[in-house]
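Trainee: Please see the structure below; I have some questions.
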Amino acid sequence: MKVMTTIQALTAEIQAAKQAHKTIGLVPTMGYLHEGHLTLAQTARAENDLVVMSIFVNPTQFGPNEDFESYPRDLPRDIALAESVGVDLVFAPSVEEMYPQDGGIRIHAGEQATILCGASRPGHFDGVLQVVAKLFHLTLPTRAYFGQKDAQQVAIITTMVRDFNFPLDMRVVPIVREEDGLAKSSRNIYLSESEREEAPAIHEALQLARDSFLATGDVREALAKAKAHIQIQTHGRIDYIELLAYPDLTPVTETTQQVLLAAAVYIGKTRLIDNSIFTVKEGL
């Protein structure tokens, strides 16, 4: 496995792969890899000739009071894990390599970025699109791999791929969970022992809301059940729990067929997200 830190070295490798008519799978990450990331890489390994994993904690997607400086980092560990699942090339640039100049052109994520996580993290998805677009241009992937846990991010990146005519296929891999249902996340390391015991209630709440909505079609009732469960079972603070048409991220209507049930909850100081995407077979 090769590890590269410069754009020049990366693009030379990508051009050689393209000249050899190899398919390229890109797995973008911010590092501190967990089983969810490794599942993305394993899926990419099964479908491509060359698997590229980026490891870059992207400053443009963090707000001024967020955890950019404290975000967990362990590049040697990540490199070993990436190699263990068959990644061919790790691209781990510095901030200066990716953003050599302040200012310049920026991508605006649009209306899809003003709700859910975007409501409490203004500018977050602009930063996500900025780095993902750069990675797409640099790696020229045949396929790009993302996790369902970041469902809003996936929807917004899919819109960018469509609108900017990126010639690639989006691959979305299901959420990987702990045995008690908690979605795997690099931020789970922040949780204290007692907070970790409470955190699975988020997934439980989404299951309750999903069952309620499928039984009654009542959005308010479903969300109320989810909120009540979190309030009873945890000391957490709810950022949002919403039920929307997916991938449009618009209000549910009688013709909605696919639904996103998404939550963000602060357990202690740690903001955790989770979701469920499911089909309403006959519409509402």
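Positions of Cβ are set from backbone N, Cα and C atoms, glycine also.
Per Swiss-Prot, ATP binding site is recorded for 30-37, 147-150, Val176, 184-187. Look at Swiss-Prot and you will find His37 tagged as active site, proton donor, backed by sequence analysis. Per Swiss-Prot, beta-alanine binding site is recorded for Gln61. Residues or ranges marked as (R)-pantoate binding site in Swiss-Prot: Gln61, Gln153.
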Trainee: Within its own chain, what residues at least 6 apart in sequence put their Cβ under 8 Å from the Cβ of Gln61 (beta-alanine binding site), listed in sequence order?
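Mentor: Non-local contacts for Gln61 (beta-alanine binding site): Gly123, His124, Phe125, Asp126, Gly127, Val128, Gln130, Val131.
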Trainee: For the C-alpha pair, I'd like the distance in angstrom between the residue listed as 'active site, proton donor' and Val176 (ATP binding site), rounded off.
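Mentor: Rounded to the nearest whole number, the Cα-Cα distance is 9 Å.
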Trainee: Please identify which of Met30, Leu33, Val176 has the densest Cβ environment, defined as other Cβ atoms within 10 Å, among these binding-site residues.
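Mentor: In terms of Cβ crowding, the pick is Leu33.
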Trainee: If you count other CB atoms within 10 A of each CB, which of Gln148, Gln153, Ser186 wins among these binding-site residues?
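Mentor: Top count of Cβ atoms within 10 Å goes to Gln153.
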Trainee: How many Å separate the Cα atoms of Leu33 (ATP binding site) and Gln153 ((R)-pantoate binding site)?
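Mentor: The Cα atom of Leu33 (ATP binding site) is 18 Å away from the Cα atom of Gln153 ((R)-pantoate binding site).
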Trainee: May I ask for the distance between Met30 (ATP binding site) and Gln153 ((R)-pantoate binding site), taken between their Cα atoms and rounded to an integer number of Å?
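Mentor: Given the Cα positions, Met30 (ATP binding site) is 14 Å from Gln153 ((R)-pantoate binding site).
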Trainee: How many other Cβ atoms sit within 10 Å of the Cβ of His37 (active site, proton donor)?
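Mentor: For His37 (active site, proton donor), the 10 Å Cβ neighbour count is 27.
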Trainee: What does DSSP say about Leu33 (ATP binding site): helix, strand or coil?
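Mentor: The three-state answer is coil.
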Trainee: For Gly36 (ATP binding site), which residues in the same chain are close in space, meaning a Cβ under 8 Å from its Cβ, but six or more apart along the sequence?
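Mentor: In sequence order, Gly147, Lys149, Val173, Ile175, Val176, Ala183, Lys184, Ser185 meet the Cβ cut-off.
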